[in-house]
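Participant: Reproduced below are the annotations present in Swiss-Prot:
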- 4-190: domain 'Flavodoxin-like' (DOMAIN)
- 10-15, 78-80, 113-119, H134: FMN binding site (BINDING)
- Y12: NAD(+) binding site (BINDING)
- W98: substrate binding site (BINDING)
- 158-181: region 'Disordered' (REGION)
- 163-177: compositional bias 'Polar residues' (COMPBIAS)
Amino acid sequence: MVKMLVLYYSAYGYMEQMAKAAAEGAREGGAEVTLKRVPELVPEEVAKASHYKIDQEAPIATPGELADYDAIIIGTATRYGMMASQMKNFLDQTGGLWAKGALINKVGSVMVSTATQHGGAELALISTQWQMQHHGMIIVPLSYAYREQMGNDVVRGGAPYGMTTTADGDGSRQPSAQELDGARFQGRRVAEITAKLHG
């Protein structure tokens, strides 16, 4: 059975919802899934004052455990067109894994959230994939296999590179049913492709 990690960073809970949906989809695809998050870097008093969702259930991951999985889906908030510093800080600690080639031929995939439709989602998806490529990981994107990302009638999440959600910073827009469906699709797709590669 494929072992998958869904690893995320979420300040306000939007990516937490997407990560849970991706984990559901991966389980539907036959994977054994672990859901974890990266540590928060913002001081607790600042996080509370900014209304961060600090009561998230998922345990904190450690960089060394990434080698224990066949596939890793990263979900991160976007900051100025890049992954959040919390995720970058975590990935910057994987140099030891890189030196050993511990993630070579593992499967990787990415999802992101932004506060606006044009908040740099695609750039954040691609730049996070670069981190995985430096490790020799095999990238599995959302791709246009997920057709529900097409259309301009409503705000829709998704890009060929990975699933996205646009969630307003004030909480007035949460991930939509379509965006959560896309996250489940991506999780299932990654699980099924990983099974073909590592099964």
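The backbone N, Cα and C atoms fix where each Cβ goes, and this holds for glycine too.
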Participant: Give me the mean pLDDT over the domain 'Flavodoxin-like' (4-190), rounded to a whole number.
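Facilitator: In the predicted model, the domain 'Flavodoxin-like' (4-190) has a mean pLDDT of 95.
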Participant: Quick check: in three-state DSSP terms, what is T78 (FMN binding site)?
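Facilitator: Once the DSSP labels are grouped into three classes, T78 (FMN binding site) ends up as strand.
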Participant: Counting across all protein chains present, how many other Cβ atoms fall within 10 Å of the Cβ of G119 (FMN binding site)?
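Facilitator: Around the Cβ of G119 (FMN binding site), 18 other Cβ atoms lie within 10 Å.
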Participant: Taking the Cβ of T78 (FMN binding site) as the centre, how many other Cβ atoms fall within a 10 Å radius?
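Facilitator: Its Cβ shell of radius 10 Å holds 25 other Cβ atoms.
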Participant: Other Cβ atoms within 10 Å is the metric here; tell me which of the binding-site residues S10, S113, T116 scores highest.
Facilitator: S113
Participant: Between S10 (FMN binding site) and the residue listed as 'substrate binding site', how many Å separate their Cα atoms?
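Facilitator: The separation of the Cα atoms works out to 25 Å.
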